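Colleague: Quick paste of what Swiss-Prot says about this protein:
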type    : residues : note
DOMAIN  : 22-104   : domain 'Lipoyl-binding'
MOD_RES : K63      : N6-lipoyllysine
Amino acid sequence: MSIPNNLRYSEEHEWVKTEGNEVVIGITHFAQSELGDIVFVELPEVGATIEADEPFGSVESVKTVSELYAPVSGKVVAVNEELSDQPELVNESPYEGAWMVKVELSDASQVEKLLTAEKYAEMTNQD
């Protein structure tokens with residue numbers, strides 16, 4: 001499984017891509033492979049505030065329903081609407097087509113506290 005080096009990772013298997021004062025958030029390849037076939041994704045609305053380490057949505061697979069935990073705090077400025085019609089994108093393209101939300105950061109230092117690709121690989125035994 002590939003773990004992109006340009007992203008940061010949470011212990012709950014979300015990835016974060018920094019774009020200026022905003023971040024894009026999704027779930028990792030490891031997470032989607034553990035969940036199995038994704039059949040539904042529930043995400044917050046644009047304008048919602050999310051708090052680090054708190055649930056902000058959920059992913060339903062044929063195996064289970066898993067909550068999504070916010071790796072950072074901020075305001076949701078965009079939601080990937082394609083996932084409501086094509087939840088399988090999470091399995092097919094977890095790092096590109098299946099981004100979940102874009103968030104305007106309330107504290108940019110939170111990103112630095114997330115795991116590097118190397119640390120995430122160690123945590124998931126993917127090194």
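Glycine is no exception: its Cβ is also placed from the backbone N, Cα and C atoms.
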Colleague: If you skip the near sequence neighbours and keep only those at least six away, which residues in the chain come within under 8 angstroms of the residue listed as 'N6-lipoyllysine', Cβ to Cβ?
Modeller: L35, G36
Colleague: For K63 (N6-lipoyllysine), what is the secondary structure state per DSSP, taken as helix, strand or coil?
Modeller: coil
Colleague: Can you check how the pLDDT averages out over the domain 'Lipoyl-binding' (22-104)?
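Modeller: In the predicted model, the domain 'Lipoyl-binding' (22-104) has a mean pLDDT of 97.
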